[in-house]
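Taken from TrEMBL as is:
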- 10-148: domain 'EamA' (DOMAIN)
- 182-319: domain 'EamA' (DOMAIN)
- 325-347: region 'Disordered' (REGION)
- 7-28: transmembrane segment (TRANSMEM)
- 40-57: transmembrane segment (TRANSMEM)
- 69-91: transmembrane segment (TRANSMEM)
- 97-120: transmembrane segment (TRANSMEM)
- 132-156: transmembrane segment (TRANSMEM)
- 176-200: transmembrane segment (TRANSMEM)
- 212-235: transmembrane segment (TRANSMEM)
- 247-268: transmembrane segment (TRANSMEM)
- 275-294: transmembrane segment (TRANSMEM)
- 300-319: transmembrane segment (TRANSMEM)
Amino acid sequence: MGNEVLPFLIMVMVQVGYAGMNIVGTLVMDAGMDPFVHIAYRQIIGTISLAPFAYFFEWKTKPQLTSSILFWIFLCSFYGLTVSQIAYFVGLKNSTPTIACALSNLIPAATFLLAIPFGLEKVGFRSKAGQAKVYGTIICVGGAMLLSLYHGPIIIGQSGIHWKFAENTEKKNSTGHVNLILGPLLLIVSTISYSLWIIFQARVSEKYAAPYTSTMLMCLMASFQCVIIGFFVVHDKAAWSLDRMRTIAVLYNGIVCTALGYCLTSWCIQRKGPLYVSVFYPLMLIITVVLSWTLLREKLYLGTVVGSFLTVVGFYGVLWGKDKEKSKSETESHEINTDKLKQQGAN
């Protein structure tokens with residue numbers, strides 16, 4: 001019983017943590033923190049947080065680090081951390097936490113499309129699994145387009161809960177800093193970049209079986225990349241100062257979402273598989289919607305609700321197709337091994 005309950009509780013905790021990332025990130029950016037500065041500090045905190053895990057768990061057992069592996073780790077750091085997070089947080093600044101979480105559900109569809117040219121995925125349109133992946137991808141993209149291009153009437157207005165930081169969000173919306181075209185487009189770029197990271201990370205995991213060390217190196221490389229980009233974009237030294245709220249935000253996102261989130265997710269993947277972990281991602285959307293409406297006084301529009309629903313439906317369609325393909329492959333492999341054993345017994 002404990003083997004089933006513990007991974008479930010851990011994945012719920014991880015999704016709550018990621019939902020909090022969107023709320024905390026929105027609050028500090030609305031309060032004036034530049035997203036480039038926020039991301040640079042987050043990578044630094046993530047590196048420091050992961051260093052003890054890499055040292056105590058993998059220092060003596062990690063494989064040899066070659067130049068080829070370093071190159072793949074560099075690609076992972078650039079696409080999975082630098083580009084993905086810059087696009088995500090700048091998109092979040094120009095959008096809402098609800099839309100940001102909804103578009104994160106595009107990841108399986110985007111990964112499926114990008115994996116085809118690399119030969120890692122096959123369309124297989126004649127099978128039900130292949131059709132589910134194709135149709136799920138189309139529905140995901142359709143939901144994303146609806147989120148990006150259609151606002152519609154208000155379904156649920158602002159909550160009656162008053163919080164001092166909510167005034168910043170209202171001021172941002174009233175001054176027109178929310179760009180419901182640019183924001184979702186940047187979030188889609190973040191999704192595509194993150195999907196590339198998943199493909200490249202598969203190569204890293206295959207060649208370098210030291211997840212804590214490789215992730216620490218990714219964060220370290222991304223720290224240099226994000227600091228350089230940050231100083232190039234943000235020239236004002238005062239923008240790099242940390243007050244109480246900014247310090248809490250970078251510590252939360254660096255420790256909870258980068259270090260702790262990765263460790264807990266990796267633990268669940270090892271015990272339950274990647275498909276089990278993926279099923280929980282839409283939960284982040286639900287939690288974020290509730291928190292955004294309650295704490296940030298975010299309004300819910302028809303386009304946001306319908307687009308989010310379609311994206312989640314497409315998300316599960318792609319996952320169902322991949323699960324069916326995996327089951328079919330395992331069944332065929334078992335049958336082949338059984339036939340070989342029978343032939344050996346006959347001989």
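Cβ coordinates are placed from backbone N, Cα and C, and glycine is handled just like the others.
Note that TrEMBL annotation is computational and uncurated.
Within its own chain, the transmembrane segment (97-120) has Cβ neighbours under 8 Å at 19, 22-23, 26, 88, 91, 133, 136-137, 140-141, 143-144, 147, 180, 183-184, 187-188, 190-192, 194-196, 198-199, 202, 278, 281-282, 284-285, 288-289, 291-292, 296, 298, 300, 304, 307-308, 311-312, 314-315, 318-319, 322, counting only residues six or more beyond its boundaries. Nonlocal intrachain contacts for the transmembrane segment (69-91), taken as residues 6+ away from its ends with a CB within less than 8 angstroms of a stretch CB, comprise 25, 29, 35-36, 38-39, 42-43, 100, 182-187, 189-190, 193-194, 196-198, 200-201, 203-204, 207-208, 214, 217-222, 225-226, 229. Within the chain carrying the transmembrane segment (40-57), a Cβ under 8 angstroms from the stretch's Cβ atoms is held by residues 81, 85, 210, 212-213, 215-216, 219-220, 222-223, 226-227, 229-230, 242, 250-251, 253-255, 257-260, 262-263, all 6 or more beyond its ends. DSSP assignment over the domain 'EamA' (10-148) gives 110 helix, 0 strand, 29 coil. Each residue in the domain 'EamA' (182-319) gets a DSSP state, and the totals come to 120 helix, 2 strand, 16 coil.
Residues 72, 75-76, 79-81, 83-85, 87-88, 90-96, 99-100, 103-104, 106-107, 110-111, 114-115, 118, 120, 144, 147-149, 151 of the same chain sit 6 or more residues outside the transmembrane segment (176-200) yet have a Cβ under 8 Å from a Cβ within it. Among the stretches 7-28, 132-156, 247-268, the one making the largest number of Cβ pairs under 8 Å with the transmembrane segment (300-319) is 132-156. Residues 35, 38, 89, 92-93, 96-97, 100-101, 165, 168-169, 245-246, 248-249, 252-253, 256-257, 260-261, 264-265, 267-268, 271-272, 276-277, 280-281, 283-284, 287-288, 291-292, 295-296 of the same chain lie 6 or more positions beyond the ends of the transmembrane segment (7-28) yet place their CB under 8 Å from a CB of it.
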